[in-house]
Amino acid sequence: VHLTDAEKAALSGLWGKANADAVGAEALGRLLVVYPWTQRFFEHFGDLSSASAVMGNPKVKAHGKKVLHAFADGLKHLDNLKGTFSALSELHCDKLHVDPENFRLLGNMLVLVLSHDLGKDFTPAAQAAFQKVVAGVASALAHKYH
């Protein structure tokens, strides 16, 4: 992912303000509610029968936290996202058979939730930087599929 120094500074500054655990839980929960076909990968999480069930599900929250910590690791390795996410790409492709389009959808949910979480600090320029990163992460996660 090619980012300017200003974009890198914006990412770093804003990421420090975000509540990563809550953002991860909210982003994954929204993915499962807005795109219900993604729930098939999480049937073992228990009750996903309604928006409130999904958003209150402790397994969804825990996995969202895990996802966001992986994303945070990617922020530390922006010059090598494919390498950073190679094991997760292989897992999601070979074992879990996740449609790689879901990575893009989750990235969009992440940007949406960050926008809400960070409020006015999440400027259009900051959004553009985060969109670049989530697109890069989605591409890295889909790498094994090609």
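Heads up, the Cβ atoms here are built off N, Cα and C, so glycines get one too.
Annotation comment: Swiss-Prot describes His63, His92 as heme b binding site, evidence class similarity to another entry. In the three-state DSSP scheme, His63 (heme b binding site) falls into the helix class.
The annotation domain 'Globin' is assigned in Swiss-Prot to 2-146.
Val1 (N-acetylvaline) counts 18 other C-beta atoms within 10 Å of its own C-beta, drawing on all protein chains shown. The N-acetylvaline annotation in Swiss-Prot covers Val1, and the record cites similarity to another entry as its basis.
Feature annotation from Swiss-Prot assigns N6-acetyllysine to Lys59 (among others); the stated evidence is similarity to another entry. Residue density at Lys59 (N6-acetyllysine): 13 other Cβ atoms are found within 10 A of its Cβ, drawing on all protein chains shown.
As annotated by Swiss-Prot, N6-acetyllysine applies to Lys82 (among others). A simple way to gauge crowding: the CB of Lys82 (N6-acetyllysine) has 14 other CB atoms within 10 angstroms, across all the protein chains here.
Taken from Swiss-Prot, the feature S-nitrosocysteine applies to Cys93, supported by similarity to another entry. Cys93 (S-nitrosocysteine) falls within a helical segment according to DSSP.
Summarising the annotation, Swiss-Prot assigns N6-acetyllysine to Lys144 (among others).
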Please report the DSSP secondary structure of Lys82 (N6-acetyllysine), reduced to three states. helix
Among the recorded positions listed as Val1, Lys59, His63, the Cα nearest the Cα of Cys93 (S-nitrosocysteine) belongs to His63
